[in-house]
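These notes concern the structure reproduced below.
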């Protein structure tokens, strides 16, 4: 089967990019590809044949129909207007046309210098490409909207960061790479007609049902806000901290995008800061809902030339509604509740307080809670708490709440185990795979990818364990 590519972005938004070709790496070679995703997309196996070199995965060749461009956008970084940004090391190669008429961006990260590289070198390093591949696939299998990873290429090209590292490329796929920052770019250049063209493009291709509706722009922004609210709710319930929620890293489609200094909670710490460059804690875990709203407000400002203020405010209210509704639903599922009762939040907050005091592992606590039996006061979770009396008091109230519903243990446990993962991508697991890969051993990278495909399956090995001492509080930066 021949892959078919289109160039809608290039054809319809000529002011938003620079056309250019990738710059290949020295002795590039494919070290991992997503076989499951490749099969779903009917990508010929021959394209992954190492005897053909790095091929499209290393920017050495293009597939028929590809028209590569680097996109320009701007944004607020750490709450401050940063001006023009853009694809400083990534190139949108083309948009794969799928059988249902939708498209999928093929975006090559680490593809070389672009007009938007600023002081950078246009390269990505092996460490960061591995982290993004693992994170995006982990999020996908957790059921959270995200970009996807298709391939990783390593090379003999040295790249200087804090130390000398190995140049690499990641093929990232997404329904769209349209960002809040695209709209900000033209708004601050005083080109509102181009802001509206971006909105028209989004509606035409992603919300075509509203093309002929008078209030199409208001409806569209309301849906952007709602998708963002649901996404942030998913992050909070699974314990994911993005680390760098700048407006240029926010997806119009409500996807998790641009994995840099991210982290999943180990110990439950609502003030967890994943990015060691975030000295003020702007992007700490418990501040993500507020930051997302602030980012939506910046996007709303760009839309004022063609959406009324009242409609924009209604959409921002929709964000809050979507966030709280989805978060509440997800947390009730995590606790095994099938109905909503007035004291549920009290019970949840009491558990969070206990976990924070004791430094309980976020993922393991909820997974172990999934094995609760209503009539039994014994629980393996009890042994993880030092203050047993406090846990016992909470656990009694929790089991009493479970008994208010006529749901048997087996059904409830089944629901809980579908939403409380046994496996998340802990930073130490990613680092172990990176350390091995940098020594030329890709086995752990492949093994970890396989493990992350089954996050809701219990395991008795170290993939499901708390981090070892060396793996606690690993510092992660924006350097990639």
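Positions of Cβ are set from backbone N, Cα and C atoms, glycine also.
Noted in Swiss-Prot for the protein shown:
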type     : residues                                 : note
BINDING  : 86, 88, 89, 109, 121, 122, 172, 179, 258 : ATP binding site
ACT_SITE : 248                                      : active site, proton acceptor
BINDING  : 249, 258                                 : Mg(2+) binding site
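Where Swiss-Prot records a feature, it is marked here on the structure.
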{"residue": "86", "record": "ATP binding site", "DSSP (3 states)": "coil"}
{"residue": "121", "record": "ATP binding site", "DSSP (3 states)": "coil"}
{"residue": "172", "record": "ATP binding site", "DSSP (3 states)": "strand"}
{"residue": "248", "record": "active site, proton acceptor", "DSSP (3 states)": "helix"}
{"residue": "258", "record": "ATP binding site", "DSSP (3 states)": "coil"}
Of 86, 121, 248 (the recorded positions), the residue whose Cβ has the fewest other Cβ atoms within 10 Å: 121
Distance [Cα-Cα, Å, rounded] between residue 248 (active site, proton acceptor) and residue 86 (ATP binding site): 8
Rounded Cα-Cα span from residue 89 (ATP binding site) to residue 249 (Mg(2+) binding site), Å: 14
Spatial neighbours of residue 172 (ATP binding site) that are distant in sequence (at least 6 apart) but have CB under 8 A: 90, 105, 106, 107, 108, 109, 132, 136, 147, 148, 149, 150
Cβ atoms near residue 89 (ATP binding site) (within 10 Å, other residues, all chains): 22
Cβ contacts of residue 258 (ATP binding site) (under 8 Å, same chain, 6 or more positions away): 244, 249
Residue 249 (Mg(2+) binding site), number of other Cβ atoms within 10 Å: 21
